[in-house]
Amino acid sequence: MAAIAFIGLGQMGSPMASNLLQQGHQLRVFDVNAEAVRHLVDKGATPAANPAQAAKDAEFIITMLPNGDLVRNVLFGENGVCEGLSTDALVIDMSTIHPLQTDKLIADMQAKGFSMMDVPVGRTSANAITGTLLLLAGGTAEQVERATPILMAMGSELINAGGPGMGIRVKLINNYMSIALNALSAEAAVLCEALNLPFDVAVKVMSGTAAGKGHFTTSWPNKVLSGDLSPAFMIDLAHKDLGIALDVANQLHVPMPLGAASREVYSQARAAGRGRQDWSAILEQVRVSAGMTAKVKM
């Protein structure tokens, strides 16, 4: 069993630390919330007066904090982790922070001779309690291999996202998609109500289409990702259908700002001559808008 320092005992961190204890690991904990520390001490953890004390003699130091500034302060501030850290220890940041902050933290740790990787998590606090988190590991092959037994005490699935900083990048993309889709789903649900359409009917239909399953696994693989833009569903038709939905929403006084923004992207694609291409070619349009080179010839 490993000697672990766990810093950050919030809604996610506390149950994650508890699962490490249940697996028999030696845990030294620190948090500014004394009650959160007491909760873990009652389960067998050892309290630390500061991050440096928590890190002393630890093989792994796990940080699970609300933002990147706090992570930096915990690592490099007064009585920070670096003051008590041994050079053979591995720091694992599991916080959700800005990727560029992660890159700088890892670089600064390396400059001091320390090892650090990023492993943000997916799923919810309920999964943190049951030890079924999705673990998104960004690190060297050696770091991922070394950390895996510790990480799997807190999760049920580990994805090796690639090198250092890649874990937080895939977490960022996943969060962007799920959070934006939550708002777009709300627009669709409210339009459903305004049209007096039974919600269960809409759910039944969408659960079997790209609307419910997402384009990454439905419309894209056999089209734009395979270099094929021949239309299964033309951008011109998608633009028309989206326009009808927005017109109906406007008549019913249902605000749909995300839908309107989406239609603008389709309008740009049509203006670029993509109207008769498959709707998955929207990926190429957004690439070009981002200053990148399209991967599929028009």
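Every residue, even glycine, has its Cβ placed from backbone N, Cα and C.
Copied over from Swiss-Prot:
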type     : residues                                       : note
ACT_SITE : LYS171                                         : active site
BINDING  : GLN11, MET12, ASP31, LEU65, THR96, LYS240      : NAD(+) binding site
BINDING  : ARG123, ASN174, ASN175, TYR176, MET177, SER178 : 2,3-dihydroxypropane-1-sulfonate binding site
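Feature map: Swiss-Prot annotations on the structure.
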| residue | record | Cβ neighbours (10 Å) |
| --- | --- | --- |
| GLN11 | NAD(+) binding site | 12 |
| MET12 | NAD(+) binding site | 22 |
| ASP31 | NAD(+) binding site | 24 |
| THR96 | NAD(+) binding site | 21 |
| ARG123 | 2,3-dihydroxypropane-1-sulfonate binding site | 16 |
| LYS171 | active site | 25 |
| ASN175 | 2,3-dihydroxypropane-1-sulfonate binding site | 13 |
| TYR176 | 2,3-dihydroxypropane-1-sulfonate binding site | 10 |
| MET177 | 2,3-dihydroxypropane-1-sulfonate binding site | 12 |
| SER178 | 2,3-dihydroxypropane-1-sulfonate binding site | 11 |
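Taking each Cβ in turn and tallying the other Cβ atoms within 10 Å, the top scorer among the binding-site residues LEU65, ASN174, LYS240 is LEU65. Taking CA atoms as the reference points, LEU65 (NAD(+) binding site) and LYS171 (active site) are 15 Å apart. The separation of THR96 (NAD(+) binding site) from ASN174 (2,3-dihydroxypropane-1-sulfonate binding site), Cα to Cα, is 12 Å. MET177 (2,3-dihydroxypropane-1-sulfonate binding site) carries a helical DSSP state (H, G or I).
If you measure from the Cα atom of LYS240 (NAD(+) binding site) to that of ARG123 (2,3-dihydroxypropane-1-sulfonate binding site), you get 36 Å.
Here the CA atom of GLN11 (NAD(+) binding site) lies 13 Å from the CA atom of ARG123 (2,3-dihydroxypropane-1-sulfonate binding site). If you take the Cα of MET177 (2,3-dihydroxypropane-1-sulfonate binding site) and the Cα of THR96 (NAD(+) binding site), they are about 15 angstrom apart, rounded to a whole number.
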